[in-house]
Amino acid sequence: MTLYSCCLILLLFTWSTAAYGPNQRAQKKGDIILGGLFPIHFGVAAKDQDLKSRPESVECIRYNFRGFRWLQAMIFAIEEINSSPNLLPNMTLGYRIFDTCNTVSKALEATLSFVAQNKIDSLNLDEFCNCSEHIPSTIAVVGATGSGVSTAVANLLGLFYIPQVSYASSSRLLSNKNQFKSFLRTIPNDEHQATAMADIIEYFRWNWVGTIAADDDYGRPGIEKFREEAEERDICIDFSELISQYSDKEEIQQVVEVIQNSTARVIVVFSSGPDLEPLIKEIVRRNITGKIWLASEAWASSSLIAMPEFFRVIGSTIGFALKAGQIPGFREFLQKVHPKKSTNNGFAKEFWEETFNCYLPDGSKNSPASASFHKAHEEGLGTGNSTTAFRPPCTGDENITSVETPYMDYTHLRISYNVYLAVYSIAHALQDIYTCTPGKGLFTNGSCADIKKVEAWQVPFSNCSRDCLPGTRKGIIEGEPTCCFECVDCPDGEYSDETDASACDKCPEDYWSNENHTSCIPKQIEFLSWTEPFGIALTLFAVLGIFLTSFVLGVFTKFRNTPIVKATNRELSYLLLFSLLCCFSSSLFFIGEPQNWTCRLRQPAFGISFVLCISCILVKTNRVLLVFEAKIPTSLHRKWWGLNLQFLLVFLCTFVQIVICVIWLYTAPPSSYRNHELEDEIIFITCHEGSLMALGFLIGYTCLLAAICFFFAFKSRKLPENFNEAKFITFSMLIFFIVWISFIPAYASTYGKFVSAVEVIAILAASFGLLACIFFNKVYIILFKPSRNTIEEVRCSTAAHAFKVAARATLRRSNVSRKRSNSLGGSTGSTPSSSISSKSNHEDPFPLPASAERQRQQQRGCKQKVSFGSGTVTLSLSFEEPQKNAMANRNTKRRNSLEAQNSDDSLMRHRALLPLQNSESLGAEPGFQAASSPESSSQESMVGDTKEEVPSPEAEPSLPSANSRNFIGTGGGSVTENTVHS
């Protein structure tokens, strides 16, 4: 198998060597070999070939003096390094240089020669092949010139990791390190040149141009970059054409006609000299003038274009050129070239013949170049640039300085200087290997390579700047060459996963760069989660609220027939507790990952639950207020104060909120939204409310009902405590307003998951405030103060309120009467005392007999201290069994004073609010006769429940007839003490 491989590689090497004879290459032995690719000719002769005959190597034509000078720059640099005592001492650099003829096919032939020789050297086949001369591997290649040629060579050399350093290939495609791993260059890419072209056009305020590009990897990418820059500057392009030195005559004429018919006076050309030459010749032939040409560096200084006969056409050209450099001693080296002295340079012979338009017959008749020359000489054809068909023999004594050729034009060394730099960059890389210290090397475990047996892949690159690691990009240093750059970290959100990246790539929308900016990682997803501590805390509070509400509902259900529960309108209380359950439950919709259905459900659930809750409180408060402030109730009041109407009012108030939510969900439904804009590294999943106006209406309507409820609660603050929760409702509404007024700025100033958290906190705070203020006091009385949950306590409170209102009316009337009498009599009497004394049962000015006193102590009773105006009265009420009612009524009639007959109408109205039994009346009291009238009976049947003794707002308690004692004092004011017995 080894012998078979040896034969195969030798055949390949023999073929490549045959293709490049001694006169078609420059070669010198050395310890280390560098390869070179240079365009010694501008092209190849066209030859029709088919598959019926064996393919032959094409012939190179049109000698390139500048190409030979570039080759000389490489040889000069190698010899200068070999003679240097500091750079690679005791080492000799050799070279193998081939002619690419400015074509891909010839360049690949030369590249195969490098690769084949490297394979023979790596297999160590000397013992099998009996090789007479050992040629070391080519560790690096300098070249090629054109970008299209370098692209093809780079693809082949990259397979074997052979470094390639180009001196003139500027295509931006070659910057792709993923495709061209081993390609380097000492010339900037075309991106900067294309941008500069657009800047020049913008500077001169041109906006109508044409473009022409070579149909290769140099022209197409360059003109594409220019079009991108032109579009950004609002520069319009009239035409865009592709050309090639191998284009047909018809194709060239078609392009010329486009140029001739175009109204654009500025033409941008990205091409090399050989590709542009046929087009310029046709333009000169047609004498198309008046055009301004914008030239890329590849043809701006080309010797093929800079011809005197072309000046009238291309005289108004603005071109770009590379930065020139100085090479000390290079001028003398160029002048020393001679076919007999340059034994290692096979191209020197043809150079001499082309320079002096002669031929050298000695020692070259058997060479392929000589044979082709004599064949052309016999047929009357010239192989060089000369137009003379027949050349005289060369003497060998010609003076190279006497002839003016591009070879001796060393005033502006641009490409030659780049070749010089390329050779030195490789030499410095070898110097690093040569001076490597074990343990600090560039290879595995810090090892060093053997300079004598160095492989191509072991050659480190010598650059002006260190390689930019992944996560960074190359940044231009102002005032420095383009090969000198600084490594700039990729910005956040961008990454680079390759070395020496010219730009950082942006991460996808849902990704963000990692800490080193070498890759993209998924962004962090954030929402108010069930599993985070904040979400768990809010969930626990919501569950606590549900539990406490359920507990209160259970207590109210168990003690539903007690006076406290009945006095709070138990049916509406049940509905109120159910709405609070919904309020606490609605907060749970704001926790967890927002989905479309949760976003559309959470706000309506919250809004409807709170409106239902506020509506229940509003109807309860308003109904009790109407009962106690009304005049003598009629059957009409009984009809409109019924339970059905209360539920209807609650439904109507809630229905308005339902309509708001339906319109909101139909016109602008909320939806789940992934917000990438708040923070770079985080995606916030939130609910897009669809319409902030709708949310404002929802909360605004709730607050409006709460304000109305607060008004009624404040107005009913003086009603009996049994029928009035005003203090607690007022306080709960204050909490409600504080919570939601604070909610608005907090909601507007937060973002992300905290928006949901703020609303959950507001819902829980308002719900706990309503639950605690309205129900906790009642639950405390029911469970821990059962003595206050009795019918007597309720009756006392009700009677005290009626007495208070009647007494206030009496005092007002008495004061009015006294003022009238004073004004009529012309004298002033004493004003009522500002302090009204309180009387207890033990200070009764009319003591009862001992038997009656003992009977009174056996009665069940209570005392209520009533404050009104500037006085306080203690009202004592006692309750007996129903069978003693008749006697109590008779005693009451005997003990009524005459002052009660003068009570005003206000006293009668509030007297009517004292619940009476249907079978009794006050009879002997003319001032209270209305209490036993049919209207009073109608009110009693509406307000009271004759079958139950426990009062409530919808069924007020049945209270026996009262025995009243009234006292009016003189001089110091009036004091009234009512003792009511049943």
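Placed from the backbone N, Cα and C atoms, the Cβ positions cover glycine too.
Automatic prediction, not curation, is the source of TrEMBL annotations.
Summarising the annotation, TrEMBL assigns signal peptide to 1-19.
Residues 528, 565, 570, 573-574, 577-578, 580-581, 583-585, 587-588, 591-592, 757, 760-761, 764, 767-768, 771, 775-776, 779, 782-783 of the same chain lie 6 or more positions beyond the ends of the transmembrane segment (534-556) yet place their CB under 8 Å from a CB of it. Positions annotated as transmembrane segment by TrEMBL: 534-556 (among others).
For 534-798, the entry in TrEMBL reads domain 'G-protein coupled receptors family 3 profile'.
The feature transmembrane segment is assigned by TrEMBL to 572-592 (among others). Within its own chain, the transmembrane segment (572-592) has Cβ neighbours under 8 Å at 527-530, 535, 538-539, 542, 545-546, 549-550, 552-553, 556-557, 565, 598, 601-602, 605-606, 608-610, 612-613, 616-617, 619-620, 646-647, 650, 756-757, 759-760, 763-764, 766-767, 770-771, 774-775, counting only residues six or more beyond its boundaries.
The transmembrane segment annotation in TrEMBL covers 604-626 (among others).
Here TrEMBL flags 647-666 (among others) as transmembrane segment.
According to TrEMBL, the feature transmembrane segment maps to 692-714 (among others).
As annotated by TrEMBL, transmembrane segment applies to 726-748 (among others).
Taken from TrEMBL, the feature transmembrane segment applies to 754-776 (among others). Listed by sequence, the residues of this chain that lie at least six past the ends of the transmembrane segment (754-776) yet keep a Cβ under 8 A from its Cβ atoms are 527-528, 534, 538, 541-542, 545, 548-549, 552, 556, 573, 576-577, 580, 583-584, 586-587, 590-591, 594, 606, 610, 613, 617, 686-687, 725, 728-729, 731-732, 735-736, 739-740, 742-743, 746-747.
Sequence annotations record features per position, and here TrEMBL assigns region 'Disordered' to 814-906 (among others).
The region 'Disordered' annotation in TrEMBL covers 922-982 (among others).
Long-range Cβ contacts of the transmembrane segment (726-748) within its own chain (Cβ-Cβ under 8 Å, at least 6 residues beyond either end) map to 617, 621, 699, 702-703, 706-707, 709-710, 713-719, 755, 758-759, 762, 765-766, 769-770, 772-774, 777. Remote same-chain residues near the transmembrane segment (647-666) are listed as 571-572, 575, 600, 603-604, 607-608, 611-612, 614-616, 618-619, 690-691, 694-695, 697-698, 701-702, 705 (criterion: CB distance under 8 Å, separation of at least six residues from the stretch ends).
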